[in-house]
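**Student:** The following block contains the structure, expressed as structure tokens.
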Amino acid sequence: MVKNPFSFRSAPVTFWTTVTYLALLIPIIIINEGTPPAPSEESPIRGTNLTQAWLDLSTLTRGYHPYNSHYNDDLRGSGSDNSEAAVTVFDDLSSNCTFLMSSGVAPAPNTPQVAAYFEGTNILVYIRGKSDDQGRWWDTAAVHDSKQNEKGLTLYFTRSENQPERGIVVMLNNGEEDYLYGARALGQHPLNPYIHTFLNLEGAGAGGRAILFRTTDREVTAAYAGSPDPFGTVIGSDAFGLGFIRSGTDYSVLYDVFGQRGLDLAFFKPRARYHTDQDDARHASKGSLWHMLSASIHTATRLSSDTGDTFIGPRSDGASGKVHNGSPSDGVWFDLFGKGFVLFGLRGMFAWSLTVLIATPLILMLLSYLLHRADKYYLFSSSVKPGDQPDDEALPVGGWKGFFRFPFALVVAGSLTIGAAFLMRKVNPFIIYSSRYSVLAMMVSLFYFSFWAIMRGANFARPSALHRVYVQIWLFILGWAMLVAVTVAEDRLRIGAEYMFVFLESSVFLSLFIALCELFALPKKNAWAQKMRDEQEERDFHRGRLHSPLSSSQIPPPVPNQESTPPGTRHSNHTASTPTIRNEDEDDDAAPTERTPLVGGNADPTRTTFATTYRRSISALVTRARRYSDSDGAGLHHDPFEREQAWSGRLPSWTWFLQFLLLGPFTITLAAQTALMLVDAVHQTGADGSSLLMPYLIAALGVVLLLLPLAPFVHRVSHHVPVFLAAVFAATLVYNLVAFPFSAAARYKVYFVQAVDLETDANRVCYHGVEEYVRAVVDSLPSASGRDVDCAGGSKKAGLVSCCFDGVATPPRLTAGASGGSGKHEEEGYGHLVAVNASRTGEHAARIEIVANNTKACFLEFEKPVSGLSVHGSSGWDERFGQYPDAGVKNVRLWHRRWDEKWVADVQWKDAEGEAASSSSSSSSFSDGDWEVLGDEDLRKRAEGLKGTVVCMWSDANVPGTIPALDEALRFVPAWVAVTKLSEGLVEGRRRFEV
């Protein structure tokens, strides 16, 4: 007989669950690790040239090109004439901004902050839309017409057949990497008020798929939804909104400050190559380039094709000073296998969540009530009486068996998995940096095996047919409690990242509904108890018959003779249907007749023997069985599975498969995609000083969610899979504990800076990172051999240490990269690199003039905060980024667009009593300490002065020999190390001043 392939037995459960997990996880991993293949043709979309775009990327990454480098200028001026239609190019060499530099953490009250002055060099390309006004409707300052020199996205829209419905502005942003300076400078450009939506192409990694990092609302996300290969989830958007991700992109300025609506499309891995010498075309792929380009073209086309009022009209927040681009709505979105894209409104999910919260418990309670009325609610029943008599003995039902197994198993297995995360953090915290799949495999195998062992062991000791339904009840309770928090977050915080829990609770409800409906197939509890009592009585009867001689009291009364007497016979006075029954009151000594036998007596002709008595007892059993079957419809030929409760034989054996389909595939897909995306995003952030525990906790929680759909069925999984996973756990645990965490493919990033004292010519080379690995880097450098290496905290990056040594063997030649510069002047000292002239312009006011050689960036650091700041040439303080702080500013970052140009900054400060003085000294007050002796008896009142330091940055390392310490590092550090800059400059030159 062929067994049901979907029955709830060990072999089918093991097969279907294992196949389902493998069929889902393998393609998800492949999609996560790969990129869509690049088209073989040169122009896969008419108007694009993938080959030319790849060559442009190769040119762009041929050298280091930060804002403060000569190669940046070279790239800005390069281009070729490839457009079919003229475009308007705004070569912005006039916009500048002075603003407050906010941080990801709100500053404490009365804490001095940081300000910046930046001169932009953005290039904006305006592509006229079909519905745009004709003519030059903008302010024509800084416009160069018909410079057709942009490629990629710009080239596509400049073709006549691809002209957008509404105009598009393509901004080639310069100065983004250091502090989003280019986007801030856009705020001063005349085109900015006309920009309603944006698509920001970003890079937080060096390849892979371009992820939809975050979006402002549902409507702009809909423009991305039809992309050929969508990739991303709303979780990233909410993580930014809640402050879990502190790094910023241009999105932060365009949306938060200017009020524009749009999207962030970004490369986000591998993080280890980001901002290193491997952040180039060689370590990228055409597939990555095509993935971003195709998504960009589709999204920009959809945004510019909206001719309605979706992105036009009054703002819903009523904010003044921001573009009027309509009323957005919050959205929830995620991709499926890199091909499908799900998008719906947050308010819709809130309504759905509220419905699930309220309706599902009521439905389940109603179903439970119906089961109770039908006397088939075996859950939570310990015993049942076979009758209504008080003296009836209650029979055990076993309805509580399996109730407490799931929470115990979940706590133990979850604790072991999270404990493994803490173990990794303690013993080998960076192993996830290069071996994230080994860590994930360890956690999956640990949770699976430990959870299975507890559930299988409990079911072996006390088999229960209610095991599955109890697990689903627990899942429903936990999911319902989680959904309460999710619903509050949806309504109050406008967060949609918890969509997975809404889907999970909905599927758990449907699965539990089916599980409760299964109970209708069971016999009534009272009927089952009556049957059990009858069977027990029969067993007791047979036990007595087999082990003791028959007595008259044990022998059932004889069955009446059914033979009828034919009419006209001797006993013809009886009807044919009337049995001949012996009258027990008759006299046994009746007078004999001539018919009386010679031997024997006048006994009843119906004789009782052992055989007839046995046949009569069997007949009684069959009669009772038929009566039980007729009363409930449940036969006696459905045996329970193994040693489960006797009443459970009628439970359907195939419904588990339907429940698994509801619980498994969709939840597994969402959990796997989300866990991989989050682990990919954070597993290499430990080198930046971020939490080393967080990646492991994310992996552990992702594993728990991934395997949770298996919980109701895991006790029927055979031992083969768990034992194999136990071996996997042992192997991966040993590897994760002892393996070296870095490799040439996943290099540890150390942060380099060389600090030069421009007054004493002393210089120190510093590497920032985790001390254990930084010391290994320093030990590999010839210039550090035999020198004292000081490692201490206080790094600009939290959680890292700074290891420094004397850089006398590798002095920088900071003018070598300049036009006509040779760097020979540095042999005589560094004093000529920066000239500072600080002079008083008032009692508490001063003018600081700075001239620096071969750099565009110099910073001011004051010992006490300044209450006023004005930079010559500035367009004024931009209050869109925050008002000037009452506590003042202690740091000012100054950026020029041209080399060797003078900065002039006027500053004011407050006296000891906290009042700013005017230009007249008569309004000042002084304490005794402000008097100093100028002669024998002459005293003069002196106002408080201002001390500070000018720090200039050099970032151009394209010419070998400019920064020998960096050249040495790139040549001699181990293959598992990548060197990148600590902050804005590779070399920092410091000069003090006082007024």
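Heads up, the Cβ atoms here are built off N, Cα and C, so glycines get one too.
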**Student:** Could you confirm whether, in Swiss-Prot, the topological domain containing Gln530 has the same name as the one containing Ser464, so that both are on the same side of the membrane?
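**Tutor:** Yes - Swiss-Prot names the same topological domain for Ser464 as for Gln530.
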**Student:** Could you let me know which of Asn49, Asn325 shows up in Swiss-Prot as N-linked glycosylation site?
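**Tutor:** Comparing Asn49, Asn325 with the record, Swiss-Prot tags Asn49 as N-linked glycosylation site.
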**Student:** If you count Cβ pairs under 8 Å, which stretch among 350-370, 651-671, 722-742 touches the transmembrane segment (438-458) the most?
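**Tutor:** The stretch with the most close Cβ contacts to the transmembrane segment (438-458) is 722-742.
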**Student:** Would you say which of the recorded positions Glu176, Glu177 has the most Cβ atoms within 10 Å of its own Cβ?
**Tutor:** Glu176
**Student:** Given a separation of at least six residues and a C-beta threshold under 8 Å, show me what packs close to His275 (Zn(2+) 2 binding site) in the same chain.
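**Tutor:** Long-range Cβ contacts: Glu177, Thr980, Lys981.
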**Student:** If I take the alpha carbons of Glu176 (active site, proton acceptor) and Tyr274 (site 'Transition state stabilizer'), what is the distance between them in whole Å?
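**Tutor:** Distance between the two Cα atoms comes out at 14 Å.
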**Student:** Counting across all protein chains shown, how many other Cβ atoms sit within 10 Å of the Cβ of Tyr274 (site 'Transition state stabilizer')?
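**Tutor:** For Tyr274 (site 'Transition state stabilizer'), the 10 Å Cβ neighbour count is 21.
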**Student:** Could you tell me the mean pLDDT over the topological domain 'Cytoplasmic' (459-468), as a whole number?
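**Tutor:** Mean model confidence (pLDDT) across the topological domain 'Cytoplasmic' (459-468) is 92.
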**Student:** Do the transmembrane segment (500-520) and the transmembrane segment (350-370) come together with 3 or more C-beta pairs under 8 Å, pairs six or more apart in sequence?
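**Tutor:** Contact between the transmembrane segment (350-370) and the transmembrane segment (500-520): present, because at least 3 Cβ pairs are under 8 Å.
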**Student:** Of the stretches 350-370, 469-489, 694-714, which racks up the most C-beta pairs under 8 Å with the transmembrane segment (11-31)?
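**Tutor:** The stretch with the most contacts is 694-714.
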